[in-house]
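Student: First, the structure itself, so that you have it in front of you.
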Ligand SMILES: [Zn+2]
Ligand SMILES: [Zn+2]
Ligand SMILES: [Zn+2]
Ligand SMILES: [Zn+2]
């Protein structure tokens, strides 16, 4: 991933979330459309997924009155891309309104793991990106320019469950059939 | 919804699914990209959502090795649209590979209900659309031209749970706080 | 279901939720244990499922900081029962803190539909049960003694998706294999 | 956790799954009841959760025709325990029919993380437990007696998302209200 691609991906993650943040305030007119739908948690999240062909898919968290129906920003970006025929990815960026690098939840990690390489860069972007040099996050493990934490699904979901496990031989046992 | 919009929406639902079906065989070259990701159920589903501004959002079902991580075609189409800033919709179409009108699952009905009017048309399209005149589905309740079943979230999720319920006054009670 | 079973089931639904309500205030000492875990929605729900062998399984809603990880009271009761080897049920009761009969969400309806007969009684119990005679709910469709709404999964999830649909013949199509 | 508690917990995980396995074959008559409901994946899983008061909660995976409605064995055990008023846990065991230690999916890790300490022992039990001395798993990282892999949610979900993140100060932004 080039420096330009990295910057474009982070910008797209902010645009995915589409609430007031660094990028929009500085460079874009206030848009009429809201992207995140997070009236219950009031915790807006944006994500952006860079596909192998260079296209970027933006996601936001879309909540539901029945909380279990919520789909996070990362999963929104992934189902957008996959349902458009993309299954090869270069990098993922995630941003919230919180001034820290916030990690994906376990559900998103499971969905990322289905489609992304173990070492694909995942950029966790603080809501106040870019943090200035000398910020208190500087020098912490994995923190890179602007306060971004760089990680991967191999790090976030070690010893993961995936398609391979379903193919393993069984020791026996019986399962009930559907009615 | 005009006749042209209806036909475009059904076409988009087939394209969303992107497996061999009526429309693609007749009118489009075989595309290289797959849209549905349904290796576990082998039950491909496509959906298309018509927004108030005329744009159409296509979805497909995206499954996961941990089956609970699956996101259906209808929800994929909705999170695509909402995360692009659209929250006003005209109609939804759903198509499978099964030669019958197949209904959305309860999870999708809950997500549809968050964003769509109770009487918004939902078109359940048989995989062998258009069924010829005289087909055995003809004359069944709600079946219209080509074997499409027309319904709505008001019909599919009667007496629904939604945002309004969360706002109702409570009778009392105490809830545990997070750790 | 006898009158005694009905009353026991409603009592169990209140106990499942285990926040201050009619039954506990009148008849039980304040228990030390909380059952619902709903710190995010602050919307406690209890459920109770009556199995064919007479046993009752109580559920409460168990939420998660990642809202999509939430499991409702109805689903908690069902997975409790099924994972104890019960797959034949007589009735389900649901109660909230709201002074009205509140319906299950679409996700729960889908899970209920997998295990319960279309006409199995589902009792939606107001948080202020029993409502006195002459209450404004009296005479509304499906409202029975004490303000309970009686319904069924056949009514709540009409034209449902279920195991049968997965077994239908396909019209063709190709699906991508897992990596 | 004592050696006796460990053995009881592993036994309970096999019982939770309730398909033919080591323990049942050797020590119990074939029970009439099935616990797992995994007709779609044909991948039965059992879990057992040891609470602080010494009680053990057994879970099995409960699937759904709409795959996204599936609830895994680990989550079943947890919602059972929590909805019975237990929120303090000592250890969790998980077993499948596969002759290897299989890890929880990301969804379960997220739910485990809500209720369990970062260093609470999680025992991943092979379906052919106990593996004999000299088995090819012996000596691998984390593998202990009988081929069990011992891990924890701190290891399985590093840098996790949880209740604390929701409480962090926000950088600003606006969220759309529910309709
Ligand atoms: Zn997530
Ligand atoms: Zn669905
Ligand atoms: Zn529910
Ligand atoms: Zn799981």
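Every residue, even glycine, has its Cβ placed from backbone N, Cα and C.
TrEMBL lists C:74 with the feature active site, proton donor. Here TrEMBL flags C:61, C:62, C:63, C:64, C:65, C:66, C:67 as substrate binding site. Annotation source TrEMBL lists Zn(2+) binding site at C:72, C:105, C:108. The domain 'CMP/dCMP-type deaminase' annotation in TrEMBL covers C:20-164. Residues or ranges marked as region 'Disordered' in TrEMBL: C:128-179.
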Student: Give the residue counts of the region 'Disordered' (C:128-179) per reduced DSSP state, in the order helix, strand, coil.
Tutor: 11 helix, 6 strand, 35 coil
Student: Under 8 Å Cβ-Cβ to anything in chain D: which of these binding-site residues pass, C:64, C:65, C:105, C:108?
Tutor: C:64, C:65
Student: If we check Cα distances from residue C:63 (substrate binding site), which of the binding-site residues C:72, C:105, C:108 wins as closest?
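Tutor: Its closest listed neighbour, by Cα, is C:72.
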Student: Compare the Cα of residue C:64 (substrate binding site) against each of the recorded positions C:72, C:74, C:105, C:108 and report the nearest.
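Tutor: Nearest in space to residue C:64 (substrate binding site), counting only the recorded positions, is C:72.
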Student: Which recorded positions (C:63, C:74, C:105) come close to chain B, taking a Cβ gap under 8 Å as close?
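Tutor: Among the recorded positions C:63, C:74, C:105, the ones whose Cβ sits under 8 Å from a Cβ of chain B are C:105.
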Student: Take every residue in the domain 'CMP/dCMP-type deaminase' (C:20-164), average their pLDDT values, and give the whole-number result.
Tutor: 89
Student: State the three-class DSSP label for residue C:108 (Zn(2+) binding site), counting H, G and I as helix, E and B as strand, and everything else as coil.
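Tutor: The three-state answer is helix.
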Student: Near residue C:62 (substrate binding site), which residues of its own chain have a C-beta under 8 A away, given they sit six or more steps off in sequence?
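Tutor: For residue C:62 (substrate binding site), the qualifying residues are C:36, C:37, C:70, C:71, C:76.
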Student: Find the shortest Cα-Cα separation between residue C:72 (Zn(2+) binding site) and the binding-site residues C:61, C:65, C:66, and name the residue that gives it.
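Tutor: Answer for the nearest of the binding-site residues: C:61.
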Student: Considering only the recorded positions C:74, C:105, C:108, which residue has the minimal Cα-Cα separation from residue C:61 (substrate binding site)?
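Tutor: Smallest Cα separation from residue C:61 (substrate binding site) among C:74, C:105, C:108: C:74.
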Student: Using a 10 Å radius around each Cβ and all protein chains in view, which of these recorded positions has the most neighbours: C:63, C:74?
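Tutor: By the 10 Å Cβ neighbour count, C:74 comes out on top.
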Student: Are any of the recorded positions C:62, C:63, C:66, C:67, C:74 near chain A, where near means a Cβ under 8 Å from a Cβ there, and if so which?
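Tutor: So the ones by chain A are C:63, C:66, C:67.
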